[in-house]
There are 2 protein chains.
Amino acid sequence: MTETNWQQLQTDVVALLKEARRQVLAKMHQTLTVDEKTSRKDLVTNVDKGNEQFLIGGIRQLDPQAQILGEEGFGDQLTSMAGRVWIVDPIDGTMNFVKQRDNFAMMIGIYQDGVGQLGFIYDVMNDVVYAGGPVVGGVWANDQPLTAPANLALADGLIGMSAPLVIHDVAHTQAIVHASAGMRIYGSAGIEMISIMRGKTLGYISHLKPWDFAAGQVLLNTLGIRTSTIDGQPLNMLSSNLVLVATEQAQRDILRIEEDDVSL
Amino acid sequence: MTETNWQQLQTDVVALLKEARRQVLAKMHQTLTVDEKTSRKDLVTNVDKGNEQFLIGGIRQLDPQAQILGEEGFGDQLTSMAGRVWIVDPIDGTMNFVKQRDNFAMMIGIYQDGVGQLGFIYDVMNDVVYAGGPVVGGVWANDQPLTAPANLALADGLIGMSAPLVIHDVAHTQAIVHASAGMRIYGSAGIEMISIMRGKTLGYISHLKPWDFAAGQVLLNTLGIRTSTIDGQPLNMLSSNLVLVATEQAQRDILRIEEDDVSL
């Protein structure tokens with residue numbers, strides 16, 4: 001690619017995702033092949049793998065020079081964020097996919113020299129693609145432009161969480177929940193990020209890999225939502241992070257809870 | 001009423017709920033009057049109160065002799081479950097209603113001498129009424145009959161929870177979550193019960209008042225799902241209970257976890 005036509009690229013990626021959805025829905029009600037990765041709660045299916053291969057094939061056609069990081073390992077071995085990097089999660093929320101056939105997402109983030117350009121989160125079962133980024137000046141839910149969520153303080157909204165963090169009270173998550181209006185657990189980073197974009201929760205805290213947050217970071221930052229580590233540092237795009245997503249005010253409230261603990 | 005035509009009564013209650021929905025949607029995007037009941041996380045709004053008054057008015061027309069228990073206190077003072085008793089929750093998941101304008105329910109349960117006859121849970125924003133009971137021989141999601149969810153063991157499915165229970169590890173909820181495939185928190189008993197009816201979660205544990213579980217108990221039992229206290233006893237319809245809703249197998253698995261603790 002010479003000069004990128006971002007608007008066209010966004011259109012092309014949405015078309016790729018729509019075709020991926022058709023294939024996933026066709027396979028979804030057949031018997032799944034489910035394997036455990038690191039534990040019995042960390043699953044991968046034949047659909048995750050097949051969909052990653054399909055998406056990476058499509059991306060290579062759109063952007064032959066791209067470096068691609070894929071959750072299931074069908075992309076490139078990435079050692080830096082230099083150049084154009086695509087980060088792909090073919091099925092985010094695989095446990096929901098397996099147990100619910102609902103509440104899962106496909107996600108793609110496009111970065112240039114480490115800076116987010118475009119993000120895509122596809123709520124597959126509701127058939128809504130959230131797409132956008134700074135290079136196209138906004139975020140759309142299918143054809144509807146999204147407005148920035150209200151800049152709520154922690155006390156005034158609900159917060160998404162991952163279950164293990166709050167059960168083990170990692171990084172004062174129980175104090176954070178207590179200070180919020182309540183905790184919700186949806187079981188998919190993509191679905192949690194959609195909930196924040198729509199103003200239904202004000203944040204989300206979870207241990208995440210790059211493919212879990214790459215797309216959401218682009219979309220959320222475009223809507224004025226902050227993404228950082230739990231202690232306020234930029235996310236490392238090449239490793240796992242304890243991720244804090246929040247409105248500006250709630251981020252400040254949460255970082256204060258973290259700082260109040262001298263043992264951190 | 002002499003001989004009750006249950007099919008007709010079900011149709012009439014669904015019509016009443018549909019009209020209630022029209023009124024709630026009209027008021028929902030106006031400024032809400034929000035009051036705290038027992039704490040800042042236990043809310044009531046003008047819409048909860050107005051909707052309870054509307055529903056109780058409609059019920060009195062359908063069944064003039066009925067005893068009615070309503071969450072917001074516009075019904076009767078109930079001291080027994082003798083005779084025909086209607087139990088009404090005008091807005092279940094009030095925090096979701098206030099913060100999300102989504103993921104809340106209207107619920108009505110009809111009991112005769114303490115035995116469930118008909119239940120209604122209305123997923124308001126998705127416009128789906130779950131209605132049925134033993135007297136009509138099934139449960140419907142709008143016009144679609146529901147089939148009984150698979151009788152999953154605890155290890156094979158996701159379980160719904162209320163956040164305070166799991167944070168404080170009440171009744172071994174953390175061990176239960178650990179033994180399951182994962183925890184979800186949706187913030188409304190009605191939405192949790194719908195999730196179980198649709199086979200997306202296999203159970204739910206929460207401290208609940210009669211209006212939180214009366215409708216769901218009728219619907220879920222009709223589909224072969226068990227409802228009991230956390231130690232396997234029948235629910236007391238006139239007080240709060242630590243409620244366990246689960247498939248038959250998961251109930252057995254959970255009761256075994258409870259029994260293994262000698263201190264219970």
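The backbone N, Cα and C atoms fix where each Cβ goes, glycine too.
Because TrEMBL annotations are produced automatically, they should be read as predictions rather than curated entries.
The Mg(2+) site in TrEMBL is built from B:Glu71, B:Asp89, B:Ile91, B:Asp92 plus one of B:Asp169, B:Asp212, B:Asp231, namely B:Asp212. Secondary structure at B:Glu71 (Mg(2+) binding site), as computed by DSSP, is coil.
In sequence order, B:Gly70, B:Glu71, B:Ala105, B:Met106, B:Met107, B:Ile108, B:Gly190, B:Trp211, B:Asp212, B:Ala214, B:Ala215 are the residues of the chain that are 6 or more apart from B:Asp89 (Mg(2+) binding site) and have a CB within less than 8 Å of its CB. Within 10 Å of the C-beta of B:Asp212 (Mg(2+) binding site) we count 25 further C-beta atoms, all protein chains included.
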